[in-house]
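A.B. asks: Please see the structure below; I have some questions.
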Amino acid sequence: MEFPFGSVGTTNFRRFTPESLAEIEKQIAAHRAAKKGRPKQRGQKDKSEKPRPQLDLKACNQLPRFYGELPAELVGEPLEDLDPFYSTHRTFIVLDKSRTISRFSATWALWLFSPFNLIRRTAIKVSVHSWFSIFITVTILVNCVCMTRTDLPEKLEYAFTVVYTFEALIKILARGFCLNEFTYLRDPWNWLDFSVITLAYVGAAIDLRGISGLRTFRVLRALKTVSVIPGLKVIVGALIHSVRKLADVTILTVFCLSVFALVGLQLFKGNLKNKCIKNGTDPHKADNLSSEMAGDIFIKPGTTDPLLCGNGSDAGHCPNDYVCRKTSDNPDFNYTSFDSFAWAFLSLFRLMTQDSWERLYQQTLRASGKMYMVFFVLVIFLGSFYLVNLILAVVTMAYEEQSQATIAEIEAKEKKFKEALEVLQKEQEVLAALGIDTTSLYSHNGSPLAPKNANERRPRVKSRMSEGSTDDNRSLQSDPYNQRRMSFLGLSSGRRRASHSSVFHFRAPSQDVSFPDGILDDGVFHGDQESRRSSILLGRGAGQAGPLPRSPLPQSPNPGPRRGEEGQRGVPTGELATGAPEGPALDAAGQKNFLSADYLNEPFRAQRAMSVVSIMTSVIEELEESKLKCPPCLISLAQKYLIWECCPKWKKFKMVLFELVTDPFAELTITLCIVVNTVFMAMEHYPMTDAFDAMLQAGNIVFTVFFTMEMAFKIIAFDPYYYFQKKWNIFDCVIVTVSLLELSTSKKGSLSVLRTFRLLRVFKLAKSWPTLNMLIKIIGNSVGALGNLTFILAIIVFIFALVGKQLLSENYGCRRDGISVWNGERLRWHMCDFFHSFLVVFRILCGEWIENMWVCMEVSQDYICLTLFLTVMVLGNLVVLNLFIALLLNSFSADNLTAPEDDGEVNNLQVALARIQVFGHRASRAITSYIRSHCRLRWPKVETQLGMKPPLTSCKAENHIATDAVNAAVGNLAKPALGGPKENHGDFITDPNVWVSVPIAEGESDLDELEEDVEHASQSSWQEESPKGQQELLQQVQKCEDHQAARSPPSGMSSEDLAPYLGERWQREESPRVPAEGVDDTSSSEGSTVDCPDPEEILRKIPELAEELDEPDDCFPEGCTRRCPCCKVNTSKFPWATGWQVRKTCYRIVEHSWFESFIIFMILLSSGALAFEDNYLEEKPRVKSVLEYTDRVFTFIFVFEMLLKWVAYGFKKYFTNAWCWLDFLIVNISLTSLIAKILEYSDVASIKALRTLRALRPLRALSRFEGMRVVVDALVGAIPSIMNVLLVCLIFWLIFSIMGVNLFAGKFSRCVDTRSNPFSVVNSTFVTNKSDCYNQNNTGHFFWVNVKVNFDNVAMGYLALLQVATFKGWMDIMYAAVDSRDINSQPNWEESLYMYLYFVVFIIFGGFFTLNLFVGVIIDNFNQQKKKLGGQDIFMTEEQKKYYNAMKKLGSKKPQKPIPRPLNKYQGFVFDIVTRQAFDIIIMALICLNMITMMVETDNQSEEKTKVLGRINQFFVAVFTGECVMKMFALRQYYFTNGWNVFDFIVVILSISSLLFSAILSSLESYFSPTLLRVIRLARIGRILRLIRAAKGIRTLLFALMMSLPALFNIGLLLFLVMFIYSIFGMASFANVIDEAGIDDMFNFKTFGNSMLCLFQITTSAGWDGLLSPILNTGPPYCDPNRPNSNGSKGNCGSPAVGILFFTTYIIISFLIVVNMYIAVILENFNVATEESTEPLSEDDFDMFYETWEKFDPEATQFIAFSALSDFADTLSGPLRIPKPNQNILIQMDLPLVPGDKIHCLDILFAFTKNVLGESGELDSLKTNMEEKFMATNLSKASYEPIATTLRCKQEDISATIIQKAYRNYMLQRSLMLSNPLHVPRAEEDGVSLPREGYVTFMANDNGGLPDKSETASATSFPPSYDSVTRGLSDRANISTSSSMQNEDEVTAKEGKSPGPQ
């Protein structure tokens, strides 16, 4: 048996010597000779794969253990390369102490140093030494820290340069400079080092003080950290990979932004200069007015910005005494405008990244008009959502590809390891057969490969054995580490693996939840060492382990660490396989491969086997040791002092405590205490009474004492040695210690910092809350996987912060105290010092870059700021943050959120709750029976209540007993027939010997842990069964009846009634879905009871019976008729028969489609009527009265509809439908408000509130519109997981909120001066605190106010955090926090500067992680639902799916007749021109030129420029018109058969009309709005869209968008509905709010239109803080509660509670749900589109095939001659092309020929497709599929039966040639014989006339010329002599044709291309 990894032992490592080099040279020479010897055959694909380097022997990887132990003397020495790939390369390897591989070139370095030179060897040794890289890394880090300081001496710089130079020299000496592979400059990372050093010397030589640009290059040194740390290189690789992939998206983004920017330029140029100017201002002066000259310009109240306005009817208007005029500058320092293409592009980029876009939106709408909202809707939905998410999709895909590669690498390693294990296993068996004790391997220290600490290990093993603990938790199966190890070794593991814990997931396998501490002490287990070893070696999974030892408590007095916490209560944790062999019996495979004992008779082999086993043992131990955290000496010390075994009484005391702390009720109590403690902490607020404060303090002390006691008890019960091996316990211990510290410290000072630690206790809930646990794990895993990425992000932030500081710090006017003052104003965001620079960069990463950039551009040069900010934005925000999201999404997997982790642990909390419930039910039963026996009441029997099943008709949904442990326990108490004795039932949860049974579907049973039932208590598993035919259906129904026969009298239909109707066609009908859950006698998990289809459903599917069944159901549910027999009526007798007829009539009315349409129409009308009830309704009495009447009419109609449905459907059916309930509630609201109005109670507050609920009316449309209903159903499916994540987010945020309350409660108040606009904060030198503010208030203008959004209590804290997480309004909160001093003190500028960090940490963990978890959850959930639907899209209706599939297939293709060339010679000439490719290219170039000329346009351009541009435009219109006319002239009626031509035609018509209109309108400018002119000019932009035709990558992305459209339309519809309802609510609640912040005369809730404007803006969560701000006003100085309003109400204050609820719910619904659904759809369709585009053959390739075909087959006969095939194959492009010479490839394709040597189109396409895709099963299905499609769309192919094939013809050809040659040779021999004078001819015998020619002539004829036509089968067709060929083409002789084909191909190549088709 050969060991798979080469020879074993130190022979693997051979020094690199001159002999080794000579051997390599020999190999290289041999390789070259071999290469020359075999010239590559032309026309043949080189199938042989090139050899590749081994993955695990790559440079920078660690050498795997199985290459043996590296002797110390070979560390750092040149060794021969182990990778066979490099046997022909001049290389050698060097290994350092940690076995890391470094590969070097064996050529001379710098032409001076050979590989054996002493200097070079020393350099090599130094360069691979670990201390060298540590020294360099430390130097780089110190250098980075120094760079953040400005006051350090220049000499320090030189020191660093010297170190870097030394490093470079060492590397160059060791590797060589650049010529050969593995030299210094061949590694791109070294380019970075080299450039840094070069620049340092350039800087030293020239004085660089003036050139700050070059100085900033020093910053790149931070990147050197990447090159030093190997893990980072991989991530950078992924980043670069994703940037490459972004090329197409970047092009598409730039293209779309350019188009939108051009539209913006045409529509809005110059508009943002419109401002309100005082009446009477001189017009010439107005033109030069800028915002600085504030005297004449109206300033918007509450801001410092001028009020913009427009002259359109729906634009913003000026106040009285002001008029709207165009001035000289734009808003925001003149940077926000559409005046030129560049500024418009910047504005559009800002819109795409959604930074402060609401400001641009409001400015533009105010200046241009509300109708332009359409432009913003398009840009936000197409530009922002679509493009940004495409970037996410691309990055995600790039990351996944990288991950797949990594996985493949791991799998390759795993495979090798398995092979090694098999070898080891066999050798082990042989050793055992020879009687060698395998445990003696541990003492096999003579071998150089012996495990390092085998002798240390032995005593530990013995000491453990002597402990004699038989704790079942130590068994191999239950230890998570071992499971992981076994799975790594490829063995089966005990517990079923949850689907997401795959070994090869995208992250390192995380530790098992149930055992967070990984392994017990050092990974070697109690019990028999040898059996454990053998079980690993024999590959026997834990499932075969046989029964495990059980004991209620360990025999040893030490209770062990896990006993009682996870594995207690005697529940089996291993999955016990039936019939598993007990003991170390060999499996069959093992016996089969058993090696003979003779094999090891020779001493050498025995020795070798020992050595192999020893190596493999060391590999296994290496795995174990990787888990060893402590050195062995410390472990023995810990075992001695930290396991407390004293006198028996102490042990007894320990036992008692042990029982106490492991009881489920103890766990429940602790959990309750954590919850109550959290509530206590959350109750802190400001202002707080002393008594309340004292109560909280007392509570804190009580809880601290309680948790301290818990910790003490656990330490005593478990012993410290075991207690501290659980991570949760360590966590507990830290928190308790900190709490005690906090109690001991004084009340003031660092109190709040310590307090925050107490909050972490909330995380203990994760032990009993699976979702929280899972999300913490996801964040943990992501942070783990993201460790490197986070580091890269940190480096990026660091570098950009430093660059910013170096380049810009001087421009910000920095003072000594670090405050930046510019134009007399203090700046918060500047780059004066590193901390502020870091904050600016961090803010850009949060997506807020534009405002910082404006300030930067004001203080510095524009280009530096633009470059810096946009680079950070694109690199940091778009790429790195998206990579983060990609990793987060990958951390999710299938059933993470739906099912809690299957970790085999009985959840103590659930056990405790189950016990309580069981006890409660027992108590209630006892009380019931007591009352019954005493009062002698005849109550219905409990048995019937609990056990009775409804009759068969409703069997569909109710025939299952829930898995829920408690329900099962309780529900079965009253069913003695189902289980054992009654008294045992309550205990079945905790007692494995008690089972409860339920009928189980045949063939379904599984053996699983009982824990899963309790674990999945609240889960439901859905199971579908599809009966395979009539028999099964009947059987199922029969079973359903039997199932209930014992319990209920049969009613409804039975299977006998069904039998006659179930014909053949119902055989494959699927039964409806049934929630299948149950507990049975063989399974305590997921057993499914019998699935019963509803017979009525089956019958409804039979058309003949559908009519009869079309009757109303019973009116009342079963329960009513059972309790009140009067409800049960006989419909065949007189009074009820009439009623029955009425019901049937109502039923037919309600079911009629016209009725439904009428109701939908009414719903739409009534919803529309609500939109008119706005703030100005009182001013329109006529409209008001109409609305009142219509409201009554609608209410009556809806009430009538409801009554009709009650009569038709009956109460049971009506009230069991969720949509009907919705209708019922909404109708009741309308009815109540109507009655209140009639009774004149409509002014009562509660009735007013109820009236606002009429806004819910549109919700009724949901159930009627299929598109929306589909989306809502998908959403409802996702609600459980969304709520789960929402809850977990709230817990996360609770911690930050309580922390915020501790840090900032009461500190946000300030003294403001109300005279300024906006209110200014009074200087803290003038007013220091609250009392000062009141004392100084002589003028009455000073107010002591609080910031509206603050941290005074936890609820407000949540609101503040929501604003921070959505980055809206967060600046004000941060400024207040940073300026805060103390409670009731006046804030001071940046007093607590480092409070910024609180927000930074929250944004990373609270904002970034939790909000992206939503994306993850939603996408994940929709994928789940998709799987359930069998991969169909869940957001589309059936109709839309048809569109989607049509888009995907793009119709079945067929050869089209090409447009015939016109006969007229002039037309023919033009036809030749327009069908040339060059013509298309020229037109494309002109379109690009046109685009460029449109970009040149600006606002305020000179008259001359306008004229020139006008002429150029006219020229382009003429050109495109000319093109259009030419094409129409040449192509005639065929012009309009092409969609693009139609598009061109429309664009040309629009362009001409826009020219005419602009001429007309310019003369009538006073009558028309110039806006109309602008819209018409947009037609020109349509021309640009023609460019899309040319770009394939962009087409794919747009194709993805087209495929997304139906689903996006549905989601958009739902979003519109939500906006509609909220805008009605907004009008009812906030119409009278004061104009302030985001609310003004245009953006408000006064009318429906304005409300929609506001709601569209906050759909992306933009500016919601501004809309909320005025609603939070409750009184002076902000608003006046007594001010009368126009609609009769009083006050302009808001209602904070309603406002907060309104905005937070809207943001959660729209932003988190709807927008994320949008993302989910785009990601999905992008994947589909790219899959289709990355397939080897796409639709485009087939199109191209047909286009080429048209040229060769102008008559569309579908056949071409075989002679033309070679040219056809060469003319094709893309993957289908077969370049010349291609004859033999085509012949080998074996194409069928029809008479006339013709080949059919489809046969060629199949053959070429096969040539690209290779042989595969899918090809056959594709072939039949294509054939069917083709037959459907084309004339029948059957008329042409093939008579031969190309291969057959070639074989016949060659056969003929061979026969001819043989005959000639024969004749030649004859002639030679005859010319021989000695030969006597015997002509009469031969009977053949002899040739007269001589020998030479004959030879010339045979070899020189080739007269025989059959030998040149290149361009001419075969001779038409095939009629004689029979059709049996199967008997093809395999004549070797390759040589003749090769000759022929060479001939063909020489002859050149043969002519194509005529």
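Keep in mind that glycine also has a Cβ here, set from the backbone N, Cα and C atoms.
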A.B. asks: Topology question: in Swiss-Prot, are Lys1441 and Phe1536 both on one face of the membrane?
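C.D. replies: Domain labels match for Lys1441 and Phe1536 in Swiss-Prot.
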A.B. asks: Disulfide partner of Cys276 per Swiss-Prot: which of Cys256, Cys318?
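C.D. replies: Among Cys256, Cys318, the record in Swiss-Prot lists Cys318 as the disulfide partner of Cys276.
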A.B. asks: According to Swiss-Prot, which residue out of Asn1228, Asn1323, Asn1834 bears the annotation N-linked glycosylation site?
C.D. replies: Asn1323
A.B. asks: Say which of Cys846, Cys865 is recorded by Swiss-Prot as the disulfide partner for Cys856.
C.D. replies: Cys865
A.B. asks: For the candidates Asn473, Asn1687, I need the one that Swiss-Prot annotates as N-linked glycosylation site.
C.D. replies: Asn1687
A.B. asks: Cα-Cα, whole number of Å: Cys856 (disulfide bond) versus Cys276 (disulfide bond)?
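C.D. replies: Cys856 (disulfide bond) to Cys276 (disulfide bond), Cα-Cα distance: 28 Å.
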A.B. asks: Are there 3 or more C-beta pairs under 8 Å linking the transmembrane segment (1538-1561) with the transmembrane segment (1611-1633), counting only pairs at least 6 apart in sequence?
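C.D. replies: The transmembrane segment (1538-1561) and the transmembrane segment (1611-1633): touching, no.
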A.B. asks: Is the transmembrane segment (373-398) in contact with the transmembrane segment (249-272), using at least 3 Cβ pairs under 8 Å (sequence separation of 6 or more) as the test?
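C.D. replies: As far as Cβ distances go (cut-off 8 Å, pairs 6 or more apart), the transmembrane segment (249-272) and the transmembrane segment (373-398) touch.
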A.B. asks: Relative to the Cβ position of Cys276 (disulfide bond), how many further Cβ atoms are located within 10 Å?
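C.D. replies: Other Cβ atoms within 10 Å of Cys276 (disulfide bond): 23.
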A.B. asks: Can you check which residue among the disulfide-bonded residues Cys856, Cys865 has the largest number of Cβ atoms within 10 Å of its own?
C.D. replies: Cys856
A.B. asks: Helix, strand or coil by DSSP: which one applies to Cys318 (disulfide bond)?
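C.D. replies: SS state of Cys318 (disulfide bond) = coil.
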A.B. asks: Just jot down the residues in the same chain as Cys318 (disulfide bond), at least 6 apart in sequence, with C-beta under 8 A of its C-beta; none if empty.
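C.D. replies: For Cys318 (disulfide bond), the qualifying residues are Cys276, Phe298, Leu307, Cys309, Cys324.
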A.B. asks: Count the Cβ pairs between the intramembrane segment (1648-1670) and the intramembrane segment (341-365) that lie under 8 angstroms and are 6 or more residues apart in sequence, then report whether there are at least 3.
C.D. replies: yes
A.B. asks: Looking only at the topological domain 'Cytoplasmic' (233-248), how are its residues distributed among DSSP helix, strand and coil?
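C.D. replies: Its residues divide into 15 helix, 0 strand, 1 coil.
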A.B. asks: Can you say which of 188-206, 695-718, 1244-1265, 1699-1723 has the most Cβ pairs under 8 Å with the transmembrane segment (373-398)?
C.D. replies: 1699-1723
A.B. asks: Using Cβ atoms and a strict cutoff of less than 8 Å, what residues sit near the topological domain 'Cytoplasmic' (1532-1537) while being 6 or more residues removed from its termini?
C.D. replies: 1459, 1462, 1467, 1545
A.B. asks: Three states by DSSP: which one describes Cys865 (disulfide bond)?
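C.D. replies: SS state of Cys865 (disulfide bond) = helix.
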A.B. asks: Counting only residues 6+ away from its ends, which parts of the chain sit with a Cβ under 8 Å from the topological domain 'Cytoplasmic' (1266-1284)?
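C.D. replies: Residues 771, 897-898, 1414, 1417-1418, 1420-1422, 1425, 1434-1437, 1440, 1609-1611, 1613-1614, 1617, 1713, 1717 contact the topological domain 'Cytoplasmic' (1266-1284) from elsewhere in the chain.
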A.B. asks: If you average per-residue pLDDT over the topological domain 'Cytoplasmic' (1724-1958), what number do you get?
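C.D. replies: Across the topological domain 'Cytoplasmic' (1724-1958), the average pLDDT comes out at 68.
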A.B. asks: Taking a Cβ cut-off under 8 Å, which residues six or more beyond the ends of the topological domain 'Cytoplasmic' (1596-1610) line up next to it in the same chain?
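C.D. replies: That would be 248-249, 252, 381-382, 386, 390, 1267-1268, 1270-1271, 1433, 1435-1437, 1440-1441, 1443-1444, 1447-1448, 1588, 1718, 1721-1722, 1725-1726, 1728-1730, 1732-1733.
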A.B. asks: How many helix, strand and coil residues does the topological domain 'Cytoplasmic' (719-726) contain under DSSP?
C.D. replies: 4 helix, 0 strand, 4 coil
